[in-house]
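**Q** This is the structure I want to talk about, given as structure tokens.
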């Protein structure tokens, strides 16, 4: 009997305690920078697309929600012809971000992407591309790659030696 | 009192208590939420009050299904019984001097009779559902009611001895100098426990016991028939709270700065709050524990209380 009354008193005291509820639309949940939400495609510091269409993200995706087609411009720079993510399938695991060799695909802290029509959850490249460098500012893949794709000449990159003439025997 | 006045009182009591019963949906959900560190429904309307409307509309629009294997007419009748019997019970409560639907000289007996009739809705509902969980719930409901009805009546006899009347108006008047909670504390505790069992509220919701029996006697009910059981339960809470106030806490008596009706409802809402607090805090006992507790502990206790009260009343008289 006494223990029951004590229980009731202890429960009653919760009336004045801080509530755990976050009143969502007015009050937002704190999201941290590494929180895995909506997927975006980021750009180079000079505005070029980072994605080189290597298909590693599509291969890493456990639910097969990424579809893309790689192509090349006249300078030899690869880019995706189309890039499509079906967010009704995506499980926000972040494997695509881990797989990406050029830091192009990134998950950002945003989850408010509900739609009335399922078809609207399929994001095309223009929906995914953002005008930002995302989590890796200043990074340009073609600056450190040994390839001339219109960004820098071969051998002119940072920490890059000039190419060796492999057909010559001179040191 | 003219006939017209009487009709107004009847309509007023019906209006107020049906609204309280509906409003308790909101009160209970908000209070339970606050006691569990949540906020509860607070979106629809001011303070979330329109959740009552939303819930009612939802119940109205749900499919009102009668299972093909059920006993159709009894199935329909059962939910009406609980509401009707509890509303009848409300008829004898004096809300303020002169405001009472039926000023019966056997008011207390009438209340006990009506609250016992409520068990028929459980038994018939469970039986007519033709479902083993419903039947088990009905069985438990019946035995719980029988057990707790016995000492619910006996716990009130102390009050009757002291006030020398079964009329609730006289009982309230007899508490002018001292509320019966002071002279009958054991009677109050036992009446309140029995009232909890009578309304089959948590922790004594053995007939429903959703963790064991799905929903007990109303497993098969849907739509507004289920809603009637629900309203019946909330009306039962209001009735038991109102009776507790009338019998032990001086009814409409109180300092003069508030009108008697306000005092009555303030006290009643306090006990409704206690009902909800008990739901929020106490676990459900096992079925056999409940029965053992009733027959082996509370019944002897209430008889002892009766004996002592009678002895003191006789000693005071001589």
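Numbers run from 1 along the shown chain.
Heads up, the Cβ atoms here are built off N, Cα and C, so glycines get one too.
Automatic prediction, not curation, is the source of TrEMBL annotations.
What you see is a predicted model, and the numbers here were worked out from it, not measured in a lab.
For reference, TrEMBL lists these features for the protein:
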- A:39-71: domain '4Fe-4S ferredoxin-type' (DOMAIN)
- A:51, A:54, A:57, A:100: [4Fe-4S] cluster 1 binding site (BINDING)
- A:61, A:90, A:93, A:96: [4Fe-4S] cluster 2 binding site (BINDING)
- A:81-110: domain '4Fe-4S ferredoxin-type' (DOMAIN)
**Q** So what's near the domain '4Fe-4S ferredoxin-type' (A:39-71) in sequence-distant terms, Cβ-Cβ under 8 Å and 6+ beyond its ends?
**A** 77-87, 89-93, 95-108, 123, 125, 128-134, 136-142, 151
**Q** Among the binding-site residues listed here (A:90, A:93, A:96), which has the Cα closest to the Cα of residue A:51 ([4Fe-4S] cluster 1 binding site)?
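**A** Closest by Cα distance to residue A:51 ([4Fe-4S] cluster 1 binding site) among the binding-site residues A:90, A:93, A:96: A:96.
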**Q** Just name the winner among A:57, A:61, A:90, A:93 (the binding-site residues) by count of other CB atoms within 10 A of its CB.
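**A** Counting Cβ neighbours within 10 Å, the top one is A:57.
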**Q** Three-state secondary structure of residue A:54 ([4Fe-4S] cluster 1 binding site) from DSSP?
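**A** DSSP call for residue A:54 ([4Fe-4S] cluster 1 binding site): coil, neither helix nor strand.
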**Q** So around the [4Fe-4S] cluster 1 site, A:51, A:54, A:57, A:100 aside, which residues have their CB within 8 A of the centroid of those CB atoms?
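**A** Leaving out the recorded residues gives A:52, A:53, A:55, A:56, A:96, A:99, A:101, A:102, A:104, A:105.
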**Q** Please report the DSSP secondary structure of residue A:90 ([4Fe-4S] cluster 2 binding site), reduced to three states.
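**A** SS state of residue A:90 ([4Fe-4S] cluster 2 binding site) = coil.
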**Q** Just checking, which of A:51, A:100 (binding-site residues) has the fewest C-beta atoms within 10 Å of its C-beta?
**A** A:100
**Q** Taking the Cβ of residue A:96 ([4Fe-4S] cluster 2 binding site) as centre, how many other Cβ atoms lie within 10 Å?
**A** 24
**Q** In whole Å, note down how far the CA of residue A:54 ([4Fe-4S] cluster 1 binding site) lies from the CA of residue A:96 ([4Fe-4S] cluster 2 binding site).
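**A** So the Cα of residue A:54 ([4Fe-4S] cluster 1 binding site) lies 11 Å away from that of residue A:96 ([4Fe-4S] cluster 2 binding site).
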